[in-house]
Amino acid sequence: MNALAATNRNFKLASRLLGLDSKLEQSLLIPFREIKVECTIPKDDGTLASFVGFRVQHDNARGPMKGGIRYRPEVEPDEVNALAQLMTWKTAVAKIPYGGAKGGIGCDTSELSISELERLTRVFTQKIHDLIGIHTDVPAPDMGTGSQTMAWILDEYSKFHGHSPAIVTGKPIDLGGSLGRDAATGRGVLFATESLLNEHGKSIAGQRFVIQGFGNVGSWAAKLIDEKGGKIVAVSDVTGAIKNKDGIDISGLLEHTEENIGVKGFDGADAIDADSVLVEDCDILIPAALGGVIHRENANEIKAKFIIEGANNPTDPEADEILRKKGVVILPDIYANSGGVIVSYFEWVQNIQGFMWDEEKVNKELKSYITRGFKDLKEMCKTHSCDLRMGGFSLGVNRVAQATVIRGWGS
């Protein structure tokens, strides 16, 4: 089952749980707009290269649409549709005034120079600038993109619409980016994990963690969990995987990855097969890389008692069912990795107000939103006698459905 089919399945289960009528269900499922554009650029050697860019704007009942732009070879319509829909429910769960969107360009960033990436980003922005906007659709970084990408989009968009810092989030600080944004998704994972463990009478300290993915989300989560006394026993990224049952020196690993662009070769741990990291013995597993990594072939071997979904769609529906029967508690992506979009909201607010916050305020507000979100999630689980994933989907879908009906769109 691909990501779109899995997301649609969860939506329909939540819709039935909430008793939505078929007409409203259909209107919530169909995207507001799907955009597909060709982006042709001159390469450094003078030849021309064409790439396909996508932007799916899923729903705007609760506010401007919000979602990342990713650059990776596998970007395709179904994936972008699934992630746009997921953002609609995620922003509703977080109770921030956004709808969902997602975008991407099918390209391999390792094969493009910085100047080629800049030209590609600017051409993509030229193709979609009339369809995004401060109060319409606000992009953000995702896989393969970052603050520099957002700076190029901001600059190109501003050529058409005047200086518009709120058009993107995840920008460099010097262009109106928010303090705390870089760490936001990882910090949100920490706060979400603390909320879940508190519910079970536990704390971060002393728990054994495995983190699959050591990019922005995984590395920040590892750093912050380590500071709270958690023990990271295994880590992986695209270069390989490492393990130390006594706990990995995270500060040392961060220095190593900075110098070597990956965890491979770190002296303070043993190299292991990257595919085995998900089934290493631990208390808490945090998949923080690609979707679909937990599936029916490996679900039975997972030893973790808790799974915190730092990535989008890391667990497929068949694995979900296997893990549920095993008694594994899964904190779903729709809530667990919402820290990034919450602080993106803070950045957008700061840009519109023209008044920037200090980092302490950003982190304090983030913790408040994540803590309140968990209470809302548990209340929905209690109301509908469902697990955390279905509680999250039901909470998000219900809030969007209410806004849709109130606006008169659902009839």
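Just so you know, glycine gets a Cβ as well, placed from its N, Cα and C.
According to TrEMBL, the features are:
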type	residues	note
BINDING	Lys66, Lys90, Ser344	substrate binding site
ACT_SITE	Lys102	active site, proton donor
SITE	Asp142	site 'Important for catalysis'
BINDING	Thr185, Asn216	NAD(+) binding site
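On the structure: features taken from TrEMBL.
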{"residue": "Lys66", "record": "substrate binding site", "contacts (Cβ under 8 Å, 6+ apart)": "Met87, Thr91, Tyr98, Gly99, Gly100, Ala101, Asp137, Val138, Ala140, Val341, Ser344, Tyr345"}
{"residue": "Lys90", "record": "substrate binding site", "contacts (Cβ under 8 Å, 6+ apart)": "Gly100, Asp333, Ile334, Tyr335, Ser338, Val341, Gly396"}
{"residue": "Lys102", "record": "active site, proton donor", "contacts (Cβ under 8 Å, 6+ apart)": "Arg55, Val56, His58, Gly67, Gly68, Ile69, Arg70, Val80, Asn81, Leu83, Ala84, Met87, Asp142"}
{"residue": "Thr185", "record": "NAD(+) binding site", "contacts (Cβ under 8 Å, 6+ apart)": "Asn216, Val217, Trp220, Gly310, Asn337, Gly339, Gly340"}
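Cβ proximity to the substrate site centre (mean Cβ of Lys66, Lys90, Ser344, cutoff 8 Å) flags the following additional same-chain residues: Gly67, Met87, Thr91, Ala94, Ile96, Tyr98, Gly100, Ala140, Ser338, Gly340, Val341, Ile342, Tyr345. Considering only the residues assigned to substrate binding, Lys66, Lys90, Ser344, the longest pairwise Cα distance works out to 13 Å.
The binding-site residues examined here are Asn216, Ser344; by Cβ neighbour count within 10 Å, the least packed of them is Asn216.
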